[in-house]
Every structure is written in structure tokens, then in C-alpha cells.
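Chemist: According to TrEMBL, the record shows the following:
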DOMAIN    64-114  domain 'NADH-Ubiquinone oxidoreductase (complex I) chain 5 N-terminal'
DOMAIN    132-419  domain 'NADH:quinone oxidoreductase/Mrp antiporter transmembrane'
SIGNAL    1-16  signal peptide
TRANSMEM  83-101  transmembrane segment
TRANSMEM  136-155  transmembrane segment
TRANSMEM  215-234  transmembrane segment
TRANSMEM  254-270  transmembrane segment
TRANSMEM  282-304  transmembrane segment
TRANSMEM  310-330  transmembrane segment
TRANSMEM  342-359  transmembrane segment
TRANSMEM  379-399  transmembrane segment
TRANSMEM  420-443  transmembrane segment
TRANSMEM  463-481  transmembrane segment
TRANSMEM  621-642  transmembrane segment
């Protein structure tokens, strides 16, 4: 049963890929959706067997690599974090598959799309169930490949080409950290098996001084692993690919940004918590990066006009919360927020897809407005998702987001306070752009084309059912799972995300945090909503004020252009690498030294030698006879005289004399 959870999506994807043209659009849709749905049902059964009793299941499938002391086998571990992730991945993916049947019904390449859509649903369970670093890395690369294929699905669109081409190098930046981190773990512990590595993580290791800081090997390994998480989970620096991924179909955005790829980095940190607990420097770096990501993405989203990009930046912001929750050593709360976030973020994306699908693929919110009467169900779904996103009391997001901020405050460190205040300000901006999206899309006077208004319609039944189920999850999952997953005294996680006793602050955040601290996120969320309510109905005057004021105009450009991150990266990194690649790697090495010393140089040398030799070919017989005579005369003479000269000449002395005379002539010339 456990293996079927992983391999059923692969079966559906393979059948859709190899036999899609025979099955047709409906056949591939039914096949892939059925496989993923059965995988989701089996995940619920696995959750019931594993999580409540904290009874992990370990499976050894087959040997893979065995060389002397190195052993890496195909194996799976099903513990509490694994089954939670399996429920998130398979349930969200099954609903996205069901939604895609109607959404992609008019696309002529829907069998290929359904094939691609099942690929991350196979690689993500492989990632979360792997019991060693190599299997995790295989799933890690697989979800990166799946993101490229899905973003690049409409390959005739230039922007989709650019976005997919951009996604791959950014993923490679993360792999540049993860691969050395895995190699470092093998060098340090002589194994890639998680259980062995975690059992030996507390042993003291060699350390050295770098930049007036004492670093040890495990600190370096944890920072390298975090670089991998930065590349995969769209943290600061590599967050620019996340909004560009919106060029794919909307179900792709829901799958990648809610359930599969972007959550891989958070899970990897939670899985490797026994390593991250010991170096405090690594935890400080993780906390600071996560807090800055949440603030950066939240401030960027307030002035974006693309419907899906606003939701994409909210994903980056929420991933920042998950990362800095790991940085303050509360991995269980981070995974809990990851689960909650998957439901309301998938709901937001699917609701946005319903609007875009009905409005002739229009994504600019400024060209919408007044759609609440035409989309009552979609408006209600998006309102529920937005309330859960901003942490409004009692929907799902409230039960994890506020806990993260309280934990950051009760950490009582500089990094904890830094994360708390940036996270609280992010709540304000998140509330503002969430309600700005609602106002511009559904409530302000209409600004859309008449032909779109005449043809627009609410979501059909196959698209409405997944949205309704996700809305129920966005309202009730947090309340139902809070005490079980992060309640005091709960044995749900069974020490799987390991936390040192000195870093355990959940009880203190529950009982010792001041009341005003617990109220700050709620005050900020209501303030952001009221600000959006007061600003966006008079958006024209607000826009005019920004355009007439020099400072406001520059501020608007700064946020609308995403802090100029793309320009900075292109000017200072991308162009430098391209210039280096062309002038050094291509011209000097590939077309220079390697080509001259390699195939081109060898072919040129033999060609010139052949030309010289060919000049000796005159075509006259007496020339050839004379050359043969000149060559054979010394040979015959020397061979006949050798018997008489051999007793007088020592061949070894002659060789030494010739070599010494050659060296003497060379030294005299110098």
C-alpha cells in the first residue's frame, strides 16, 4: 500500500505519455485523475496508521549502490512529517487534476498536460519518503524538471519560454548548495543514510576561524543545505522565478506553489532538523533570510496588477514564514503552516483561474471590476482564501501564522525580534494586497470589455467542486489539526523533527507572551484590509497623487518593478556570467586551447604535413629512384661496416656523448 502511494501517479503519467494519442483527452484525464485520487485515499489510510500512534514504517525496497563502505539502497520511511506531506501533495494534486479536466478541455494538447501534471505528484512523494540523501536528491531534481515542463507547456509563447529558461538556472543555484551539502555529509559521516547521520550529528567535529567567527563542518553543511532550500523554496535572491512561473496554465501554479515544488525546501530543512539544531549560526542565517523574504515579497505584492502574480508573491511571503519558523527551531509549526497554506493557496489559485478562464484569459486586475454579481461562488471562495491568508481569526491560516509570530517574539534574541517585526509588517502588507485584489477584481465599478462581460460565467461544476472542497479545508483544517499537531503535550511528531530542549519555547509562547503581542497580527491584518477598502474605491485619485508626486512616483516604480531585483541580477550577475562564458569558456577554452590542442590542431597539423609531403611527389620515375638510392646507400654502408666497427665503438658511450654534446650546445647558445 505504501509503495502504491508513490508509484500510482507515475503509472498515470506513463500511460498518459505513451498512450495519450490513443486514449484521447478524456481517457488521459480519467486515467491520471483516478491514479492520483487513489494515491490520495491511500495517503489518508497511511496517515491513520502512522501519525496518531507515532508508529513509523520503514521499507527497504532494493539495493542500489553498494561499494565497500558506501551503501545506498532504495528505501522509504513513513513517519509523521512524511504522511502529512503525502496528504498535502496527493490531495491537492487530485483536486487540481479534477479542476484541470474542465479548465484544459479546449486545449488540443491536454493529454500531454495531464502527463506533465502527474510528474511532480510522483517525484514529490519520492522526495519526502526517501530514507537517504541520494533518493531525496533524485526527487529534488525531479520536481525541478516537472516545474520546467509545466511552465513551458505553452512553448509557443515567448514569455513562457523565458520563464521556463529562467527557472532552470535558478534551480541550479539551489543544487549548487545542496549537492556539496550532501557530499559534505558523506565526507563527515561516511554514509548517506538519514538515521545514521542524525544519530551521529551531536558528535563534536573539527572547527576553524573564518571572518572572526568559529565555524565547524556541520555549520558549513547546514548553510549549504539551506542554499539548496533557498533555490527551491523561492527565498530572497532566487524568489524572482516564482512570479515568472505564472506563465504556465493556472492549475500548474496551484500545483507548484501550493503542494509540490516550493514546499520541498521547507520539508528538507524539517527532515534534517537534527543537523540544523546544533550550529546556532545556521539557524540565525535561516531566520534572517526567511524574515527578509516574507517582508520583501509582501511589499512587492502591494502594487502588482497581475492577478496571479499577486498570489505568487503571497506564496513567497508565506514561504518566508515557514523558513524562519524553522530558524527558530519550530519545525513542527513550520510543517503545520505548510499544510494549512497548501489548502488556501490552492483555493486562491483555482479561484483566480476561474476568473481568468471566464474573462478570455485576461489577468490584469485593472481590466476587471464588478465581477461579484457574475461570479458569486468564485467571489465567496476567494474571500475565504484571502481571510485565511491574512490570518483573520478562526480560518485555517490563523492557527499557524499567529503561532509562528508568537514563537519568534518569545525567542528573545535579536534574530527572533527581527523576524517578529518583519513578519508583523508583512501581515499588514499581505492584508492590503489581498483585499486590494478582491476590490479591484470583484467590487469596484467594472472596467472590463463588454464582450468579456457578456460571455463571462461562474465556474462550472468540475471546477467548482475542487474549489468548494479546498474552501472547507481553508476554513476548518487549522482548527481541527491544531491541538493534534502543535498542541502542548502532543506526541504526534514522535521526535521526528528533533528540537534541542534549550530551543523548545512552544509552552512559553502560549502562556508567557504578552497579550498585546498576540493582538499585533490581528490589528495589522484589519488595518491592511481597512486601508485597502479606503484606497482602492478611489484608486484613480490615489494613482494620480502617486503620479504627480516625484517621491511617490519613484516609490511606486520601486515596488511595482519588484525592488529592481531582476535588473540588479541581470546587470551584475547574469551579464557577467554570460560575458565570462563567451570570452573565457567559449573563445579562450572551447574555441581556443581545447580546439587547437584537440581536433582542429591535430587535423591542421596532419593537413600541412600532407601538403609538404605531397610536394615531393613529382611524378618522375628517376626522382623516385634517386630518392630510394639516397635512402638505401647509408643504410647498406653502415650495416656492412658495423661488424668491423662494433669492436671499436661502445654504443652506450656514443649515446651519452651525443646527448651531452647537444646539451652543451644548448647551454652555450643561452
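Note that Cβ sites are derived from N, Cα and C of the backbone, with glycine treated the same way.
Each of the listed features needs to be described in terms of its position in the shown structure.
Modeler: Listed by sequence, the residues of this chain that lie at least six past the ends of the transmembrane segment (254-270) yet keep a Cβ under 8 A from its Cβ atoms are 81, 85, 88-89, 92-93, 96, 99, 117, 120-121, 123-124, 127-128, 136, 139-140, 143-144, 146-147, 150-151, 174, 178, 225-226, 228-235, 242, 245, 248, 276, 286, 311-312, 315, 319, 322-323, 326, 331-332, 334-335, 338, 341-343, 345-346, 349-350, 353, 497.
Remote same-chain partners of the transmembrane segment (282-304), defined as residues 6 or more beyond its termini with a Cβ less than 8 Å from a stretch Cβ, comprise 219, 222-223, 226, 230, 234-236, 239, 243, 269, 276, 310, 313-329, 408, 415-416, 418-419, 422-423, 425-426, 428-430, 432-433, 436, 556, 559-560, 562-563.
For the transmembrane segment (310-330), the residues of the chain that approach it from at least six positions outside its boundaries are 229, 233-236, 239, 242-243, 245-246, 253, 257-258, 262, 265-266, 269-270, 273, 276-277, 283-298, 300-301, 304, 337-338, 341, 345, 348-349, 352, 365, 389, 401, 404, 407-408, 411, 415-416, 419, 423, 426, 430, 433-434, 436-437, 499-500, 503-506, judged by C-beta separation under 8 angstroms.
Listed by sequence, the residues of this chain that lie at least six past the ends of the transmembrane segment (342-359) yet keep a Cβ under 8 A from its Cβ atoms are 88, 92, 95-96, 99, 103, 249-251, 253-254, 257-259, 263, 307-308, 311, 314-315, 318, 368, 371, 374-375, 378, 381-382, 384-386, 388-389, 395-397, 441, 448, 452, 455-459, 463, 466-467, 470-471, 473-474, 477.
If you look at the transmembrane segment (420-443), the same-chain residues 6 or more away from its ends with a CB under 8 A from one of its CBs are 291-292, 294-295, 297-299, 301-302, 304, 307, 310-311, 313-314, 317, 320-321, 324, 355, 365-366, 368-372, 375, 379, 382-383, 386, 389-391, 401, 404-405, 408-409, 520-521, 524-529, 531-533, 535-537, 539.
Here the transmembrane segment (621-642) has no Cβ contact under 8 Å with any residue of the same chain six or more residues outside its ends.
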Chemist: List, by number or range, the same-chain residues at least 6 past the transmembrane segment (379-399) whose CB is under 8 A from its CB atoms?
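Modeler: Counting only partners 6 or more residues beyond its ends, the transmembrane segment (379-399) has Cβ contacts under 8 Å with 314, 318, 336-337, 340-341, 343-345, 347-348, 350-352, 371-372, 427, 430-431, 434-435, 437-438, 441-442, 467-468, 470-471, 473-479, 482, 521-522, 525, 528-529.
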Chemist: Using DSSP, what is the helix/strand/coil residue split across the domain 'NADH-Ubiquinone oxidoreductase (complex I) chain 5 N-terminal' (64-114)?
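Modeler: Helix, strand, coil within the domain 'NADH-Ubiquinone oxidoreductase (complex I) chain 5 N-terminal' (64-114): 29 helix, 13 strand, 9 coil.
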Chemist: So what's near the transmembrane segment (463-481) in sequence-distant terms, Cβ-Cβ under 8 Å and 6+ beyond its ends?
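Modeler: 92, 95-96, 98-99, 102-103, 336, 339-340, 343-344, 346-347, 350-351, 353-354, 357, 377-378, 380-381, 384-385, 388, 394-400.
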Chemist: Would you mind listing the long-range same-chain contacts of the signal peptide (1-16), meaning Cβ under 8 Å and 6+ residues beyond its ends?
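Modeler: Sequence-remote neighbours of the signal peptide (1-16) are 23, 28, 31-36, 38-39, 42-43, 45-46, 57, 59, 61, 76, 78, 86, 90, 93, 111-112, 114-116, 118-119, 121-122, 125-126, 129.
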Chemist: For the transmembrane segment (215-234), give me same-chain residues lying six or more residues beyond its boundaries with a C-beta closer than 8 angstroms to one of its C-beta atoms, as numbers and ranges.
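Modeler: Result: 140, 143-144, 170-181, 184-185, 188, 201, 205-209, 241-242, 261-266, 268-269, 272, 275-276, 278-279, 281-282, 285-286, 289, 293, 315-316, 319, 322-323.
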